[in-house]
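Copied over from TrEMBL:
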BINDING   159  FAD binding site
DOMAIN    254-418  domain 'Acyl-CoA oxidase C-alpha1'
ACT_SITE  403  active site, proton acceptor
DOMAIN    463-639  domain 'Acyl-CoA oxidase C-terminal'
């Protein structure tokens, strides 16, 4: 049974300040508090409040409008803040495996404040620390308390300066020397043969010190090798508990999946922040109207709804998926730590790798496009740096690149699906996976015979309709990609060239469609489970349907080309259903962002503040960030119904 709001103290659900947003909040079809409790759970909500409250009252985290720190000062401040986060002891070493959602929650809360801080903490604890636990053995566990006390600080180095991130063909080599069986911990200077440096200023996240390392004939003790997957004996013999190289590779992929799954959550968090700003702005910014004397909030316009609300639905769907995949990854790491060498464990590693490899591109691109739409939807106000949308856009941008370029990563997922189909063709193997993401492909031939038969908008307002269409689309693209690959090989191309020639219009859309289907499948099941409170079923169902149809509409050409759609009616029904759902969700939009928005101190956007006093907050921020020295006697009192006039109105 789902938890209820009754009996929770006011500190968990503080009331929003009265203001211009009250009108939309009163129209909501559900209680935002109830949805927050259902989505997050009481423990996570209290944990978030603890983090946010600590940051807001600590002078080290004080916001400084107008302060433009040098690169060196920003990085120094970021390091001190990271150190303070460890001092607060929000997480213990055991929480990484015992309370996985606590880990992702802390990273996302820190990211809402500043992604430079979150990334520094993430790389040290989750990427560096968890890999020591999952890929190391008992001889390495002494490092764990030192990691969480910051006695040692880790980094993640994968991309080679003159080569790239092809991990299988990495050119940095290690040669075993039986005769001799590394920064200096006291001085922190690099050891002999090691050169380190900074790569310079970036487009965003400049509080994070990204650098390079060069190794020239550096000796590393054999005992430093993380040896859970494979080890070297004192005599120089390589040994591994995995007898099958494919199983060993599948198990080792979990280490790379940590970063990619976490980036999904980071991207979704950025999208949530941008939507919180843009939706609140849209509910208070008035422009034009049915008469010259009556201006209406821009959220009332269909175009504004169509621009923002599908991204709001996407934020909810992707948020649920990223959290659930994070839990799946923890299950994989627990198995590795327990010594599970089963075929299922190896297959779980491959499946999570495939999902993370497509999930990161889908989430980061959706956030990238959504943040830009939010920026434009806020007009000239969105272009002001003080409203934070530009920072969010720049800080989100590297999510499309690090831990693997998005377009390159998608090949991992399409190759996974093609490999399963090859096993089916050659050996008659069933489509089965531990997380059941590919089980529907067992009905592959029958699904391809299906057609879109919905004729009315009303029948289309259920995400089950889009689910059926997506299953057909994935089967169609899988067949087309498989046939294209074989055609290339028959034409004389080797495997490398054949796969290279199959990416743009085959492998890439196959991976994305499969990922969208997987996200939708999990969200559909989540919002239709029996424990969903009756008062939340309608709004969650609409979010699921809107995300499904909006995403599916991007593939309309393929649906027509493959014969699933026929005639004009199919496309028209799809478009009409999207606009109908946007209209139905319009009055719920402010309450939906109230669920996902952090406190004003963390959101740090005058036009996105919870009181909705758009012009007061914006002008106050402008004054803080400017050199205005005194208040003139003619100073205006702003309200949402009295926009700035005359010379004070922004030319943007």
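Glycine too: its Cβ is placed from the backbone N, Cα and C atoms.
Using a 10 Å Cβ-Cβ cutoff, residue 159 (FAD binding site) registers 16 neighbours. A separation of roughly 9 Å, to the nearest angstrom, links the Cα atoms of residue 403 (active site, proton acceptor) and residue 159 (FAD binding site). In the shown protein chains, 25 other C-beta atoms lie within 10 A of the C-beta of residue 403 (active site, proton acceptor). Residues belonging to the domain 'Acyl-CoA oxidase C-terminal' (463-639) score a mean pLDDT of 92 in the model.
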